[in-house]
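Comments concern the structure below.
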Amino acid sequence: MAATPEFGSLRSDDDHWDIVSSVGYTALLVAGWRALHAVGPQPLVRDEYAKYFITASRDPYLMNLLANPGTSLNETAFPRLYGVQTRFFDDFFSSAGDTGIRQAVIVAAGLDSRAYRLKWPNGATVFEIDLPKVLEFKARVLAEQGAIPNAGRSEVAADLRADWPRALKAAGFDPQRSSAWSVEGLLPYLTNDAQSALFTRIGELCAPGSRIAVGALGSRLDRKQLAALEATHPGVNISGDVDFSALTYEPKTDSAQWLAAHGWAVEPVRNTLELQTSYGMTPPDVDVQMDSFMHSQYITATR
């Protein structure tokens, strides 16, 4: 049996990717799970654009998943988990808009389509930060579908390890006005120092009244954990050949504690199971077991 790769073994300080390689492929995988959730029973959200990204990628594994969607509680676990996550961030931006915030920043936007899916208030602008190749792929696919955003949309092609605040401001972001920020699915792919730098830079760009939502994990499902979960819950592992441990870094400073110590008023932290309950769902055993590995945290805070 091959040895389990060390955390971050497929990463380097200056690595880059497109949508079908390295970290970029995880965005495609999550889009596939959102597409599956949209056609599943009682979806929390319907991302009607997600399926088009899979088709455009021509990835055989994901195309097969969409052509033959599983229906059991085990087979729909990952799509359900990401349905919960998507709903959380959707609600966050809707709530921020209700408070008068008109600048939304999606950090490491990947294949997020909220600028197109959500109803945004008049005058709202959605800033999407990600690597150029990821943004180019998304723009091409959405243009092919004739998609029109429901808010002003500004692409910020930048590496989060570089001077992305300069690029954000050049794209029209005004740090003197309040803003709402999402950090969704990103933190496992950052080192502890990079995570602290990200939060520091966000804080420096936030006027009073700004808000942030963070999805964090206390740990990640590595291949051994997925294999163990698959043994007790057949069909749950629909992540293909992705080895998350080799793409991500070890657990780091607690995000809620960091924010609270740096000027943010942090609301009570919830996990996936608590969110499911708040959405009127009863978490099945497979979801409970999955979260016992991942220790999910959903955080909201105000500046």
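Each Cβ is built from the backbone N, Cα and C atoms, and glycine gets one as well.
For Asp130, Asp159, Leu160, the entry in Swiss-Prot reads S-adenosyl-L-methionine binding site. Taking all protein chains in view, 15 other C-beta atoms sit within 10 angstroms of the C-beta of Asp159 (S-adenosyl-L-methionine binding site).
Taken over all pairs of the listed S-adenosyl-L-methionine-binding residues (Asp130, Asp159, Leu160), the Cα spread reaches a maximum of 8 Å, rounded to the nearest whole number.
For the recorded S-adenosyl-L-methionine site, residues Asp130, Asp159, Leu160 set the reference point as the centre of their Cβ atoms, and the other residues of that chain within 8 Å of it by Cβ are Ala108, Ile129, Leu131, Ala158, Arg161, Ala162, Trp164.
Listed binding-site residues: Asp130, Leu160; maximum Cβ neighbour count within 10 Å falls on Asp130.
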